[in-house]
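Below you'll find the structure, written out as structure tokens, and then a few comments.
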Amino acid sequence: MVFIPKPLKQLLLLFALFLLAVSRGEGKTQLPRSVAASETVETYDKYYNYANLTKLLQSLAQNYSHIANLSSIGRSVEGRELWVMRITVEPDKDTPGKPKFKYVGNMHGDETVSRQVLIYLVEYLLSRYGEDARITELVNSTDIYIMPSMNPDGFEKAEEGNCNGDFNGRNNGNNKDLNRSFPDQFDGTTVSADQIPEVMAMIKWIKEQKFVLSGNLHGGTVVASYPFDDSASHQSEGHYSQSEDDTLFRYLALVYSRNHPVMKTGQPNCPDTPEETFKDGITNGASWYDVPGGMQDYNYLYGNCLEVTMELSCCKYPKASELHKEWDLNRESLLAYMEKVHMGARGFVKDAVSGAALSNVSIVVAGIRHNLTTGKFGDFYRLLLPGTYNITAVAPGYLSMTVNNVQIIDGKPTEVNFTLRPFVNEAEGRTPTTTTSAPSTSHLVIPATKASNITQTPAVASTPPFFPPGHEPIHPKYFRHHNYADMELFLRKYNSEFSPITHLYSIGRSVQDRELYVMVISDNPTVHEHGEPEFKYVGNMHGNEVVGRELLLNLIEYLCHNYGTDPEVTQLVNNTRIHIMPSMNPDGYEVAVEGDRTGYRGRNNSNDYDLNRNFPDQFVTITEPRQPETIAVMNWLKSIPFVLSANLHGGSLVVNYPFDDDKDGLSHYSKSPDDAVFRQVAKAYSQENALMHKGHPCEDLYPEEHFEDGIVNGARWYSVSGGMQDWNYINTNCFEVTIELGCFKYPLAKELPKYWEQNWRALIQFIHQVHTGIKGTVSDDRDKMGIPNATISVEGIDHNVTTAHTGDYWRLLVPGTYAVTASADGYKPVTIYATVSKDRPELVDFRLNRLYSESNNHAATTPQLVQSPSDRELNSLIKELSEDHGLEQLVKSSATVNSFHYRRPKNLEDSLRGLQLNFPHITHLQMLGRSVDFRNILALKISNNPKEAEPSKPKIRFVAGIHGNAPVGTELLMEFATCLCINYGKNPAITKLINETNIFIVPSINPDGREEATENDCSSDRGHSNSKHKDLDTTFFGNSSQQLSEPQPETVAMMNFIQSNDFSLSVALDGGALVVTYPYNKPVQTVNNEANLKYLAMVYAKNHPRMHPGDTLCYNNGQMGNVPDGVMKAAELHSHMGSMMDFSMDFGHCPEITVYTGCCLFPAANQLSALWAENKKALFSMLVEVHKGVRGVVKDKSGKPIVGATIFLDTTPKVSTSEGGYFHILVKPGSFGIDIIAEGYQSQHKVVTVKPQEAAPTIFIVLELDKSIFGLQREFVVACAAASMTALVLTACIIWCVCSVKSDHQKDGFHRLRQHRDDYDDEVHLNSMGSKKSLLAHEFQDESESDEETLYANKI
């Protein structure tokens, strides 16, 4: 043993401790704590490929699980994960009060510096947390998301050392530039979604997370670029495209550049562009060069998020040896930029009554026309530069609230909290009257210390702000004619610049494929607000009548520029949803000629049809084919509850009001029921146009023409059949007039200012007319929910209007007192007297009581409703899909790549088996039977448990191909099945619908006929019948006595299928017409529940763009046009016996509607895509509708299901409970009485209410054993039985006593016989040996014989 002196021992110990400390200290600067043995020290001299990046990120997430969480937002084209590292405290859950920040790198796969510096940033934040105060504070207070590579496929193809991007790698695996593939504010979506999974994943992520601030890291130069990246003109460079937050964006870009040693100089000195410089190292994106479809603009416009793009290096893919330098250059900039997420204003928005957090509340900053919305905790983070601001919180259904003079300082966010009060009806139980709301001062605002001087002044949306006296509105300064391209740019420009109050959409396309644009101007332009009327202007219906087109563009400019500064404009926009269509006939305009005074060139559309003679007419059948422009407008008017409208024309100077024609076709006054209202609104316009009001419009052209007060009844002027204004009034809630704006149809451009001066006041005044008459809400008195499609009728006026989706209505009336009645199916009508004044609408609300709230004959009780969490989730989905644009969003979100073609039976079977093989967990293919020629008839079931019965779920049946020469339905159902399967697990709505529904699809009932049919033959009967020449739709008979011939095998297969399943709804697709029919096909059949069946048909038709307007004219089969709502009873179209529809009703107890998809039976294959587009939404509507109505389960008191119980719902045919005691009946919305009858149980009567936008809740019904006997009370029957038994016993006792007395006499006789035995032996022997004849001879002896004789005889 070596001896070591004590001092030396101490020295060695100290040295060892020193080495340990040094080694640990070095570890902290390079590696995370608890580094796994497999990790290596970061050397900053190598690139991480996908495999190494994945391994590193997973290791870091594991070792720092308390502050790091690794996830993927999706996959690339080639299947690589899009990794995101989330760094914050408690990274597995969302915590209120922490703003979300993100960095995204490597969007272009060959721009690699960003990928590496973000990896280093992840390591830096994790390793320094808890030891560096700055990093610890940043991680504790921020929800940080870092995506090192958005384009991992491109990176794998790129080549190190390639500075200019000359080789592959920039684009994704489908060769698409990801930074040109986002939806653009000017160009919309230009790239197919299936080509850019990385972009689609990013869009979903952006929308879900509500990021506050973001950086997108690129390479190729050194600069920070801020929005906008492009402009409406798409000038290649030099056009500064300014956003509403331009100053803020410049500041944020400067934060990054000023902390970057090279970027801040503004002189990147890149070898390929040595002359390129950027002042202060920043640039506006479009000013540098135009980039449509960029990610940073999408973040700002659609994602609540401000994003700046940072170019980090001249060389896109430098050698790895340069990476350490690039990290050092960017480290401070990356941190400083992240810290700016904590500037501006932040806070929460809550409900003042319940205290619940309010999400999606708009946060509006005065003077900045860009809003953001609150997150799921009601939290918001509004980045603002230091200064003083007025901030408003706005939410539908709540009073807006404004906090004035919010002081924003540098370095720390100011906290501003809002509590919003719901709208409250001040008149409970009586007819409300309109009152002027004053701003309330009772809102609770809890500002942070920094904002202690904030004044708390809530703002009511309907109350215009204060404006200084002497205010003059801003008028348009530049006037010119706008061709289509110019008009489109104008609309997009104003939609972009005034996005908080504008919404641009198209209602369809013209013959030559031009968009029919509509600009909405309102304070909440994208949705119908309860209580706010919808107004529209339509111009340029005749393409050469152009003044209306230009005036409407001027009006858009006027409303946008004056909103917020002019009191009249602000009040109109805040309280009206104004729709402006500048051109209904853009094709005609393009061929019209400037200077045309009275000509016709361009008047008609490209098919040379006059659009104002093309609408269905009340007196005359319009035989001309309905034009696409007409159809688009009809669909538009059916989809929005318009109240008032004007159609702007040219050629005279007058306001023309309905009716435009009459049954005689003569030019004389044709008065509508609302003639007084039409005269009032017409005068409101003409009185503001001095020249028009004189009534002598075109004296040089028509010297004899005179219009008193500048107005005229249409038919009185000249008769017009097929006009748009009459169709508006007859078929919708909308009152429309036609305004002729001048004698010159296409004046020179220099004349346009004169037309604006003459008409601008009139245009504004006419919009005011929508706020006259009465308005209000019709609601259910029990649950206070609005009742849609309720009827508002006015005594003495033969014209009704109906309520909108939430029960609100508007009814134009002239001043006076009226008896107004509200009625709805299932409710007792209510009449209220209302007095209408001139200057404002009278508020008249109705609360209706259900018809079955009480019952005189039954104990009508409200059934117990059972809703599980899954039920609530389903109900939420059904509500969402039932709203105005719910199905449209579903259709868009479920788009799949398709290649339409017709399948012959063998190919059809292969396709069905392919679906089963590819989607085995949700499909099950079953054979129903075979055709005459032994072809298989198959049914595909789609459900999350396809091999289970699941009686609790509704069953829906889709069938097609009953006529082989009409195969469109077959192909539509195959595409429908494919769409459902492909979107399962990807689209949440479709996934939920499949999980909650049993869907059966029978694409071809008549495969033999299909084999014989001929493509592109619209009217041939070939293939119509089966191989035995039988029309299968005439062979469905439930009773053998009704059969006229032997049943067909196809029919037998379907009848067995229908009867063996408890279907709730069936949809059959056929061809040769354009209409939906409902039962019955029988020529004479009383339909007790016709209203319910018609309602189901209307659900399909209203979601079909051509059926719903009633535009159903078919030349090939004589079907007339203008079928109301596109539906009719089946017998009216084709009356016959033995139909599948009738069999389904009578023997399957299942309503069936038949959809005729088009006039042509067998159109060309290239038309299938358009037919799918027309029917997709309607098919989905059936999947939604099958979850409505009334459903329930019937059990006894022990919980045992009662199978076979009979359910009666008013006039609806009975249904029976199936396995598990379940039942389901589809009916239209309303209140119904329901009776439940089961043998051996007491019947029940209940009241149920079906709501239009809600899934049917499960009604839990418990039946008690029936204690009655023969219909009498059990106690009474028992008492009677007991009394009867008592009587029987007494009777028996009496008989016994009598018999006992008689027996005593018999005993005496025997005694005497024994005494004289010897005397009688011979006689007894003689008689006992006697014949039967001798015995019978004594049968009728004299009854007076002695007792002894009688006794003797009895003994024998």
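Backbone N, Cα and C atoms are what each Cβ position is placed from, and that goes for glycine too.
What TrEMBL says about a protein is an automatic prediction, not a curated fact.
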Of the ranges 777-796, 1317-1336, 1337-1356, the one TrEMBL annotates as region 'Disordered' is 1337-1356
Cα distance, E740 (active site, proton donor/acceptor) to E311 (active site, proton donor/acceptor), nearest Å? 57
Using a 10 Å radius on the Cβ of E311 (active site, proton donor/acceptor), the other Cβ atoms enclosed count 26
Can you give me the same-chain residues 6 or more apart in sequence from E740 (active site, proton donor/acceptor) with a CB-CB distance under 8 Å? H649, G650, G651, S652, L653, V654, V655, N656, P697
Under the DSSP assignment, what numbers of helix, strand and coil residues are found in the compositional bias 'Basic and acidic residues' (1010-1033)? 5 helix, 1 strand, 18 coil
Within the domain 'Peptidase M14' (901-1186), what mean pLDDT does the predicted structure show? 89
